[in-house]
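Peer 1: So that we are looking at the same thing, I have put the structure below in structure tokens.
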Amino acid sequence: MQNSQAFSDSLPKHIAIIMDGNGRWAKSKGKPRVFGHKKGVNAVRKTVAAASKLGIKAMTLFAFSSENWRRPEEEVGLLMELFITVLSSEVKKLHKNNLQLRVIGDTSRFSERLQKKIVEAENLTASNTGMVINIAANYGGKWDITEAAKALALKARNGEIRVEDINEQLITEHLTMADLPEVDLLIRTSGECRISNFMLWQMAYAEMYFTPEFWPEFDEDSLVEAVTWFINRERRFGCTGEQVKALMTAQ
């Protein structure tokens, strides 16, 4: 490592995480699935804090996919209540730490109460200049691309653009998170090795890190390990976890 600036520049700018394994972790403890989801919130706190210390620009957490509605009705209901509780209890802490919260996905299917909480949380943190935290809720990569295609088709029909004007850049500008760097590191917990319809366009060139840890077990050290792997894979710097941790106190 030539200098700390080169090291800092080698960090991922946008980390996406598929937080998998809450239910299996709970089952291994002889607990109901919702117990795992609640413990998963602690892992979110630790991971967000660690990423912010590192100076990561954006983090996107896959909280609830558009396919998750197929889960048992009771579990979905409990997840929605947990979402409301977390938004209510955590948003002031995020705001205090200058973090910006966004919820991406089709929120129209959520209850009015949850939609209101989302709007309040986004409005409170909208002017913050620290790390952007995207919560992907009722989100799917195919949905994201479809919505962009519909928006462009409408503009073409209205004469605002020509069909021949449509290119990759224009599509990118009509996706969610268009103002953020593309994902350069995807982390998925629980040992599963697939992307599950998550940010299909934005992860075109991402490095993908799969760990056997269940999400409730994921913590600061887990993130440091993933980031160290990314730096060594992407930049061939031969850095260590200790060097990554040192950055947390230097930011």
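The first residue you see is number 1, and the count goes up from there.
Even glycines carry a Cβ here, placed using N, Cα and C.
What Swiss-Prot records for this protein is below:
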- Asp20: active site (ACT_SITE)
- Asn68: active site, proton acceptor (ACT_SITE)
- Asp20, Glu207: Mg(2+) binding site (BINDING)
- 21-25, Arg33, His37, 65-67, Trp69, Arg71, Arg188, 194-196: substrate binding site (BINDING)
Peer 1: Mind checking which of Asp20, Trp25, Asn68, Trp69, Arg188 has the fewest other CB atoms within 10 A of its CB? They're the recorded positions.
Peer 2: Trp69
Peer 1: How big is the gap, in Å, between the Cα of Trp25 (substrate binding site) and that of Glu207 (Mg(2+) binding site), rounded to a whole number?
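Peer 2: Their Cα atoms are separated by 26 Å.
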Peer 1: Among the binding-site residues Gly21, Gly23, point out the residue whose Cβ has the most other Cβ atoms within 10 Å, with all shown protein chains included in the count.
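Peer 2: The largest 10 Å Cβ neighbour count belongs to Gly21.
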Peer 1: How many whole Å apart are the CA atoms of Trp69 (substrate binding site) and Glu207 (Mg(2+) binding site)?
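Peer 2: Spelling it out, the Cα of Trp69 (substrate binding site) and the Cα of Glu207 (Mg(2+) binding site) are 29 Å apart.
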Peer 1: If you count Cβ atoms within 10 Å of each one, which of the binding-site residues His37, Ser66, Ile195, Glu207 comes out on top?
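Peer 2: The residue with the most neighbouring Cβ atoms within 10 Å is His37.
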Peer 1: Measure from the CA atom of Asp20 (active site) to the CA atom of Ser66 (substrate binding site) and give the result in Å, rounded to a whole number.
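Peer 2: Approximately 15 Å lies between the Cα of Ser66 (substrate binding site) and that of Asp20 (active site).
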Peer 1: Secondary structure at Arg188 (substrate binding site) (DSSP, helix/strand/coil)?
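Peer 2: In the DSSP reduction, Arg188 (substrate binding site) maps to strand.
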